[in-house]
Amino acid sequence: MTIDHTATPSGSCTPSSSGLGLNSRLPSSDKDALFAVSFEPLDERNPIYFSYSKKWLITIVTSFFTFLVSTAATSFSMGAPSMMHDLNCTQFQATVGLSLYCLGFGIVPLVTSSLSEDFGRLPLYYVSFLGFLMMHVMVALSHNVQTVIIARFLQGAFGSTGSTMVAGTVADLWSPAEIGLPMALYTLFAFVGNGVGAVFGGWVEQNHRLQWRWIQWIHLIIAGVYFVVMILTIDETRPSVILEKTARKLRASSGDNRYYSVLSTAKIGLAKRIYMSSTRPISMLLFEPIVTAVSIWIGIAWGNQIKISRSIPGVFRSLHGFNQGQVGTVYMTMAVGGFLGFLTNRYQERLYRKYVSTRGAQARLHLACVAGFLFPISMFMFAWSATSSVPWPVLVVALTIYLWAVSTIYMTIFTYIADCYGVYASSALAGQSLCRNLTATAFPLFAERMFRAMGYRWANTMFALAGTVMSPIPIVLYFFGPRILARSKLLGKLHGEDKTLLEQKNPNGMKGDIEK
């Protein structure tokens, strides 16, 4: 790391023989100079310049956190029949456990994103995953459904770190030119986790000696082993926190308080940052047209995914005589669809590199335009195949195509928003994440009633029609995205707010990091 000696023009500022203090014979004007601690070029302590093996290790290990929180979502729902019997609860009450898990996912990241600026990513990983583990115990030992519901909300709240902060870790480690594959891998873990969790939960539920409580215990054992691996393998990746720790050590060892991190000089109070991180995503969701459009798009797609997953047991049990284990196996379509989306993203990256010089961020949208139409087409296919006269493999194919489309849309939105909004991408992504998880919370609550009132065919047809309305969104953004972004009033307001904060915190004009 380097220490930049920022001094007045009247003299030169040199370190003492210790390399940490200031020479007392310097002119008094130089004694007011500040020492800026920063990374050297190609500094291996800078996460972006970690070795490739270390970057991939951290990427894979943290992405497995995403895998585990995804498996926890679907495996719980597969244990609903035995839980309803043991706790004497209704189908709706069991569904609330799934919905509140998603609600925790949507709300808590609005706060934790600010905490990572003060404490770093590593402590939040440890605390959140420990809480995630403890909630398994609370669910497994519950004697009433109310306790299960509370535990599931908290489990989702703690587990949300595995969904949101992992993406931040990936962004810390990889440059924009490299991030496509790591981000696609992170997304793949989320989709594969949904499928594997349902398969695992379905077959445990099928065993009458295990069922819903042992879904939690087995998942706890696997997650506990992973926690040990996490502690042993991952390091802090937030650059501002790494530099701040270095500056703090220099201040302590030298007794000189003029050492500061170049990424922390614009640091604002925690309460103010929590307010900003909680309100900015909502503002961007409501008043930034691009964020609003893609959030509604992915919200409907994600909510439909949850809704369709709720219809799978009824469709395959009632129409094709599947048992709970076989029903769980059907959910492997999520893993297959996610893998197809991963491969699609690899081709999309090639298109991006080819056209980015002429199309900019819009070069991310080529295959999303195709996925936008595959999404409703596959839903219509699933809806109108939901009859005993149509062989069940047709339903499986429809589900696979649908999840392929959703995973492609999901990957596209992350990279497209990051390219469009730069320093404000975290707020924009938090806004779409909030919308996506709120729809995932709401859809299961009314899905069962819709299926009973309208039947699987017409209920799914309604949502396919909604998907059809959304399908032109990527095409509109491809042609008109830059024009829409250029007219954004909200971005101008945010730039003004940040400029004011910088001037208040840095009267000498030093640059800092307001939002990342």
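In case you wondered, yes, glycine gets a Cβ from its N, Cα and C as well.
The following features are taken from TrEMBL:
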type     : residues : note
COMPBIAS : 8-22     : compositional bias 'Low complexity'
DOMAIN   : 58-485   : domain 'Major facilitator superfamily (MFS) profile'
REGION   : 1-24     : region 'Disordered'
TRANSMEM : 56-80    : transmembrane segment
TRANSMEM : 92-112   : transmembrane segment
TRANSMEM : 124-143  : transmembrane segment
TRANSMEM : 149-171  : transmembrane segment
TRANSMEM : 183-203  : transmembrane segment
TRANSMEM : 215-234  : transmembrane segment
TRANSMEM : 282-302  : transmembrane segment
TRANSMEM : 322-344  : transmembrane segment
TRANSMEM : 365-386  : transmembrane segment
TRANSMEM : 392-414  : transmembrane segment
TRANSMEM : 458-480  : transmembrane segment
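In this chain, the transmembrane segment (124-143) touches the transmembrane segment (215-234); three or more CB pairs sit within less than 8 A of each other, excluding pairs fewer than 6 residues apart. In this model, the domain 'Major facilitator superfamily (MFS) profile' (58-485) carries an average pLDDT of 87. Contact counts against the transmembrane segment (183-203), taken as Cβ pairs under 8 Å, peak for 392-414 among the stretches 124-143, 365-386, 392-414. Long-range contacts of the transmembrane segment (458-480) within the same chain: residues 290, 293-294, 296-297, 300-301, 304, 307-308, 311, 359, 362, 365-366, 368-369, 371-373, 375-376, 379-380, 382-384, 386, 412, 416, 447, 450-451, each at least 6 residues beyond the stretch ends and with a Cβ under 8 Å from a Cβ of the stretch. Tertiary proximity for the transmembrane segment (282-302) is limited to same-chain residues at least six positions away from its ends with a CB under 8 Å from its CB atoms, namely 372, 375, 405-406, 409-410, 413, 416-417, 420-421, 424, 427-428, 431-432, 434-440, 463, 466-467, 470, 473-474, 476-477, 481, 484-485, 488-491.
Within its own chain, the transmembrane segment (365-386) is flanked in space by residues 297, 301, 304, 308, 311, 315, 319, 344-345, 347-348, 351, 355, 394-395, 397-399, 401-402, 404-406, 408-409, 412, 416, 456-461, 463-465, 467-468, 470-475, 477-478, 481, which lie at least six positions past its ends and keep a Cβ under 8 Å from the stretch.
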